Amino acid sequence: MDPLSITASVIAIIQLSSEVVGFIGSAAGASKTRRLLREEIQACDKILQDIKDEADDSEEGKAWSEKIRVLEYPDGPLSRLSIALRLVKAKLEPKDGQKKVLTALKWPFEEKEVQKIIDAIEREKKLLLLALENNHRKLVQSIQRSAKDHQKQLLELIEAVKDGSKKSQDSLAKLGDEITQVVVSQDDLKDGIDRLRLHDDHREATEAYQEILEWLTPVDYAAQHSDFINRQQQGTGGWLIDSEEYRTWVQTPKTTLFCPGIPGAGKTILTAITIDDLFERFQGSEDTAIAYVYCNFRQQNEQTVDNMLASLLKQLSEKRASPPASLTALYEQHKAKHTRPSFDEISKTLQVVTAIYSRVFVVINTLDKTSVVDGCQTRLLTELFKVQASSEANVFVTSRHIPNITSEFNKRAGCTSLEIHAREEDMRRYLDSHIDRLPSFARNNSLLQEEILSKIVQSVQGMFLLAQLYLKSLGGKRSPKAVRTALANLPSGSGAKAYDFAYQDAMARIDGQLEDQTVLAKQVLAWITLAKRPLTPLELQNALAVEFGTSELDTENLPQIEDMISVCAGLVTIDEESRIIRLVHYTTQEYFERPGTQQRWFPDAQAEITTVCVTYLSYNAFESGFCKSDDAFEKRLLLNPFYDYAAHHWGSHAREAATLPEGVMEFLTDVAKVEASSQTLLASSMRQWGPSYKYSQRVPQQVVGLHLAAYFGVQEAGHILLQASKNVDVCDSYSRTPLSWAADSGHEAVVRLLLDRGAEIEAKDSDGRTPLLWAADSRDEAVIQLLLDRGADIEAKDIDGWTPLLWAADSGDEAVIRLLLNRGADIEAKDSISWTPLLQATNNRNKAVMQLLLDRGADIEAKDSDGWTPLWQAAYRRHEAVMQLLLDRGADVEAKDSDGWTPLLWAASRGHEAVVQLLLDRGADIEAKDSCGRTLLQLAVFNGHDIAEEILVSRGACIEDFYGLRGLFSASI
């Protein structure tokens, strides 16, 4: 709808109010009451202008259209406001016989009449403000609730201001008629309100859905995908889509296509082409879903198996108009506790959601770039294959030739391999489209151009990236002879040597620039190479603009992004959609990360980066310390683009520097600035819970420099701070000491330093956790060993009764569990609900930890406060593989909980067919009864579980007199 037609009624009242204000200004006398009325009308006019602007600018045009229709109905605030303004106009405009000009008229209202008019306008103004708040439900309720009262008071106002003139009486009588006719339009108003309610319900449902998805993971690979697909040279990559292997994979459900390739072969661009092709093929298909992950070697800490699976779950869920029931249930389960879903919960929900679709395509790019720690690559593949086994999912994966990864695919049935390498025609197409970037002597010489194309294609042997680098290396040549000499020197073949040649050549070109350009290029390359996470261009601009010894950032010192890129000889690029500045390829990162190479090009970079970070953190902008609201906190981050990076990573750079960098101690001894940076450091993990959670206020306050030195493991800084202060056990607002922070972060050297200086080894925080409990949760063997050697209580308990062994069992670290058991930890330690380490491991489905605990003598029949044994718990959670393990180890299949129920009774009542089958196979009593005398068959039938009923009947469950027991059963429930 045309925005002008939406807001026509609003514009009309704005014009009317302006006219009335003019009349008020022309009147004489009663200056105080005139001013009050004029200001009230002008305040209302401001709200109307805001409504008009919102309606004109909002993307929700339909919503504003419905909202304004409700506002302008005869029973709505705009209509009554119009009547009130026309009432004033009727009394103030020139009477018959007077000149049609604004003359000084005597003020016609008494003070009490003006107050009634102001009250009438104020009532409608409040309703208009609700419209601006976008609280549709409250707006509708308020309009309905106030309609009759507002009409009555408006009629009383009209009667109160009538005078003796015929024109005035006629005008006011017409206004009264308008109000009395409102009842005729009640049905129209109801229809409008119903439409507004419907839209409001839809908006609230959409917002709630988005909240669930954001809670699951904020990660969105769409921006990266757009970047990669935009980098595709038009017309390239078609060979993959046209290949027999690819066509067969697309057409055949439950199949896998593995595409290995050498570094720089073009795997990422071909993955982007694949994703685009799938979306185009299945556009409009509600039963087909596509999800993908771009693995990034710079984001290994964030790209855990849990997070990648959560991203796949989010993408598959987004396809639905409303959230899948299993995802909603998962969210509601964690919402009240503000907790995250476990790996097992994400995995199970992903399998359930995938099964909703008739076809699912999962694409994983460059699996080799994920972490090898904790078996990340293998675990991700295991989960993908689980999803594939339980649905019709197809899996597409690219990777370098890594033996462990390749072997996983070689042993898979239904898996086809297709080697990725740059085709000659694709490379020629790319080189030909970029040849115009060479000097004019090359652009005007077709024979030389063909020599360049042929030699580069011949040299790179299927490595697309090398072709790009080699072409860029010719950009500065001054003559055909110089170009041919460079071509003759190109190494032939693929691999690290070829890339080393290209990168060394690029660095030689950087060194050949003007001094300032060379310095800028090496700073840019050092920051991107050594940064602990990818940087945005704005972050890097701010970092490069920092001047040592200053107290604020000088914006005139910001380098231009174009200059930052151009001086780096093609080694740096920007992803436009995701706004990340990065090295051109991960082989570039590998080149610069080699110790010899890094020392050669960036010898003091870690110290320089640290000093930049702490200088920024020490700016006067942060001297106010801890922000007292989320709004203030987020405004601080918005106004200071480099603050988040500096707060999170200064200490990691300092720890890797050869000596304590300049500026660190000055920062750590500034209490307000330390508190400000610690808020940023710790609040980000809570941001997902949104504004109602007040996430930035839930982090500890009263943090001092020694806490941060302990957190980051900056030993030298800790030593200096301890020399200046004798309070080694200084506490933050959660009663955590520096020793607690250091133990949690796994910094053995700082833990030792603090203990040597007399730190209290059993200091408990507000949750009752000691440093050993934090170390056990963080799974750091060296710190645990040190604390135990120094006498830490191995059976210390927090407020929930968790011991170090319980924390280790929950985290699933077998090495830490062995260490604690070898040091005498109680294997049967119970928490506040009587969970033992074995029950904890069972809950987490961690079979390896369960085996370890059972091998060390854990009680397989240990019961929690509900009387659940590990087998009971596994049956309840439908973990069949865990049940098999426990049954194989001798678990009692007839174990009863505190209500007298066996695992089989529970499974039958809930219709868990697989669990019922397994328990019966392992000898569970098919005639077992609950405490009310109900049999398995009765429980299954009366709960509507037909399949469970069939299983029980087929396995010999007694059906004699079954129907006669219906009344007994019904009465018992």
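Heads up, the Cβ atoms here are built off N, Cα and C, so glycines get one too.
Bear in mind that TrEMBL entries carry predicted annotations, made automatically and left uncurated.
As recorded in TrEMBL, the features of this protein are as follows:
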| type | residues | note |
| --- | --- | --- |
| DOMAIN | 235-400 | domain 'Nephrocystin 3-like N-terminal' |
| DOMAIN | 518-595 | domain 'GPI inositol-deacylase winged helix' |
| REPEAT | 734-766 | repeat 'ANK' |
| REPEAT | 767-799 | repeat 'ANK' |
| REPEAT | 800-832 | repeat 'ANK' |
| REPEAT | 833-865 | repeat 'ANK' |
| REPEAT | 866-898 | repeat 'ANK' |
| REPEAT | 899-931 | repeat 'ANK' |
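Within its own chain, the repeat 'ANK' (800-832) has Cβ neighbours under 8 Å at 768, 772-773, 775-777, 779, 781, 784-785, 788, 794, 838, 840-841, 844, 846, 848-849, 852-853, 856-859, 862, counting only residues six or more beyond its boundaries. Note on the domain 'GPI inositol-deacylase winged helix' (518-595): mean pLDDT across this stretch is 92.
Under DSSP, residues within the repeat 'ANK' (899-931) fall into helix, strand and coil as 17 helix, 1 strand, 15 coil. Applying DSSP to the repeat 'ANK' (734-766) sorts its residues as follows: 17 helix, 0 strand, 16 coil.
Counted with DSSP, the repeat 'ANK' (866-898) comes out as 16 helix, 0 strand, 17 coil.
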